[in-house]
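First the structure, in the form of structure tokens, and then the observations on it.
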Amino acid sequence: MQDAADTTDQPRRDISRYAVPLGIIAFCAWAYWLSTQFDRVPPILKRGMQPEDFPQLVIGLIIMLSVWLLFRDTSAAPERLTKMVQMTMGLLIGFLLVAEIDLFLGLGLFAGSLAALWGERRFWAVFLVGLITPIAVFFLFDGVFEVRFPRGLLTNLWYG
Amino acid sequence: MDAAILNGLLALADPHLLMLIFVATLGGVLVGALPGLNATTGVALLLPFTITMEPIPAIAILTTIYCAATFAGAITAILINTPGTSASATTCLDGYPLAQRGEAGRALGMAAVSSTIGGIISVVCLMAAAPLMARAAYNFAPPEYFALTVFGLSMLATIGDGSPVKNILSGAFGVLVATVGIDLLTSIERFTFGMNELSEGIPFVPVMIGVFGISELLVQADNLHVERKQVIMKAIKLPSREDYSRVWKTILRSSGIGTFIGILPAEGATVASMIGYNEAKRWSKKPEEFGKGSLEGIAGSEAANNSATGGAMVPTLALGIPGSPTAAVILAGLMVHGLRPGPTMFTEQADFAFAIFWSMMLVNVIFFFIGLWGAKIFARVTLIPIQVLWPIVFIFSIVGAYALEQSMMDVWIAIGSGILGFFMRRHGFSVVPMAIGLILGGMLETRLGQSMVMLDEKWWLMLTRPLSLFFFVLTVLALFGPTIWGRFFKQRSPLKSTGE
């Protein structure tokens, strides 16, 4: 049974083993191309290096190490992402979208939903993390640290 | 220098600062005891709170959190067999068996005493070594600084239990990220995609919050099933005179080991505690007791991990090269406050430097008492459900990321770094080298550029300068030494660390 599972996982392991270094190399190729688009300073004003020299040096090093990983890395592929992690990531993306409407609305919804998603069933606990904490943090930063938060649906109620 | 030592001590006479240090010690112990949080995450999350403060209280708070959280890991290690920080992983081996035998108080007492002695010894070394190191580095020219920074980055290879190649790759990625923004040498924009927010580069603080805080939140999403059960603890009982006579040599040895490991760039408390524990076992008259409840094991591990905190601050303040992952975040804090760690710190800001040293000394004394008499309460903190804890941590992370520049771009950067950090960790890439690479990247490029100007664009002339050559040789040894050593000599017992 164990062997069968291992056999099923083998292609995924192979893909994962090659996907990461190849992904890094592809990213580096893109970054290298971007670096060739930088403005250059005239030779008379040059102070040791052109702006693209250092990034290209680092990109070269990353590519070299990735090639090494491609052929020599034998580490096992990670387990599949669990549903819980996927849903938590989904909530993070949801937070970013709601934060465009109001940062604290996003924080409250995210915190309350995360607590519920992770199995918190006590109402007071969800209430604490979803409502009391964001409000307390807002007044702490607004009043004590004088941070001006972006205007939004809820923050406008305070800022007027 | 004597005046600076005295002025630093006098700075601590401010009751407001003393109160802040006391509260920060409580906060640090809390951070170290909370599941999933460690010194690095705690310092990263608290950094934005210190921005509006004066430099001395701000950095004193960060170093206090560092010292206190490193100690507090032992409380959870002993009482619930879960190290609060990875630096206390070896404390579990003997602390928990002692707690199960009803001797939790004795184990905690030994952890508190060893941590305090280790911490104080390392701060004394810090006070002596940092100015000396700074004086030695005072005449460094850009090529020497460049070579030193390369050496510091090469030490990243041994961070964490991932492969050295992955660690260096992660560090190089951090250096690449540091090139975003206006090039300081030519004033030309790079990788900004026309966004004004990126012209000053990728800010450190949101990235730190993302890779240490938000990525951990995603890791915790997989740990919801972990149950934490606390061992019932009777009254705290300090170790007896017999216990002390058995462990004093171990404490001194581990303090020396921890301080030395801490001084090495990038190596932190985790590596120190492992070596301290191994050496305690090797020198012990009763090695068979290790793993079954040996007080020497606790002393060896705890003295080493706490002494590494002081040691780690030596290169951080004297050279601007972080001695540990947490020291890297503190270095970012120093930069955010406009301070320039390096040789000039002990000539131009000596009072500041010594005030920080004295505050570290003080925190070691405070957590001794907190550790002994507050352990029961802090142990209860570990039982806070992560379903409540992590949403609150997230709120503080996001507001902290936003607060520094009051920009939503920083919130996006924090979340992006968090998701990236999570996937890096999944695939065996430690996020610590990336964070350190980001901090040191700008320095590395500037010094290379200055060296090129100085050497008339002949980079190979760096190898003709004795000190530069020395650091390059050290770099080669740091990168290839373990492989060469492993081929010729049989390894006694492989050490593994989890970073910090």
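Please read every residue number as a count from 1 along the shown chain.
In case you wondered, yes, glycine gets a Cβ from its N, Cα and C as well.
Curation does not apply to TrEMBL; its annotations are automatic.
Among the features that TrEMBL reports, domain 'DUF112' is placed at B:18-434. Feature annotation from TrEMBL assigns transmembrane segment to B:20-47, B:59-80, B:107-133, B:145-162, B:168-186, B:317-340, B:352-374, B:381-402, B:408-424, B:431-449, B:469-489.
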For this session: Tally Cβ pairs under 8 Å between the transmembrane segment (B:352-374) and each listed stretch (B:20-47, B:168-186, B:317-340, B:408-424, B:469-489), then give the stretch with the top tally.
Result: B:20-47
Problem set entry | Candidate ranges B:107-133, B:168-186, B:317-340 - greatest C-beta contact count to the transmembrane segment (B:431-449) (under 8 angstroms) | B:168-186
For this session: With a Cβ cut-off under 8 Å, give me the same-chain residues at least six positions beyond the ends of the transmembrane segment (B:107-133) that come close to it.
Result: 1, 5, 67, 70-71, 74-75, 78-79, 91, 94-95, 98-99, 233, 236-239, 243-244, 247, 251-252, 254-256, 258-259, 262-263, 293, 295, 298-300, 302-311, 313-315, 317-319, 346, 350, 353-354, 357, 360-361, 363-365, 367-368, 371-372, 375
Exercise. Hey, which bits of the same chain come close to the transmembrane segment (B:317-340), Cβ under 8 Å, at least six residues off its ends?
Worked result: 39-40, 43-44, 47, 50-51, 55, 58-59, 62-63, 66, 70, 129-131, 133-134, 137, 148-149, 152, 159, 204-205, 208, 212, 262-269, 308-309, 311, 346, 349, 352-353, 356, 404, 432, 435-436, 439-440, 443, 499-500
For this session: Grab the same-chain neighbours of the transmembrane segment (B:168-186) for me: Cβ-Cβ under 8 Å, and only residues 6 or more beyond its ends, written as numbers and ranges.
Result: 153-154, 156-157, 192, 198-202, 207, 424, 429-442, 444-446, 449, 479
Problem set entry | For the domain 'DUF112' (B:18-434), mean pLDDT (0 to 100) | 86
Problem set entry | Among the ranges B:20-47, B:59-80, B:145-162, B:408-424, B:469-489, the one whose Cβ pairs under 8 Å to the transmembrane segment (B:381-402) are most numerous | B:20-47
Problem set entry | Close approaches to the transmembrane segment (B:408-424) from elsewhere in its chain (Cβ under 8 angstroms; 6 or more beyond its ends) | 170, 195, 197-198, 202-203, 205-207, 209-215, 217-219, 397-398, 401-402, 430-431, 434
Exercise. Which residues, given as numbers and ranges, are at least 6 beyond the ends of the transmembrane segment (B:20-47) yet have a Cβ under 8 Å from it?
Worked result: 12, 57, 60-62, 64-73, 75-76, 82, 84-87, 205, 208-209, 212-213, 216, 219-220, 223, 226, 228, 269, 325-326, 329-330, 332-333, 336, 359, 362-363, 366-367, 370-371, 374, 378-379, 381-382, 384, 386, 389-390, 393, 396-397, 400, 432, 500
For this session: Residue list, the transmembrane segment (B:469-489) vs rest of chain: Cβ under 8 Å, 6 or more residues beyond ends.
Result: 144, 147-148, 150-151, 154-155, 157-158, 164, 168, 462-463
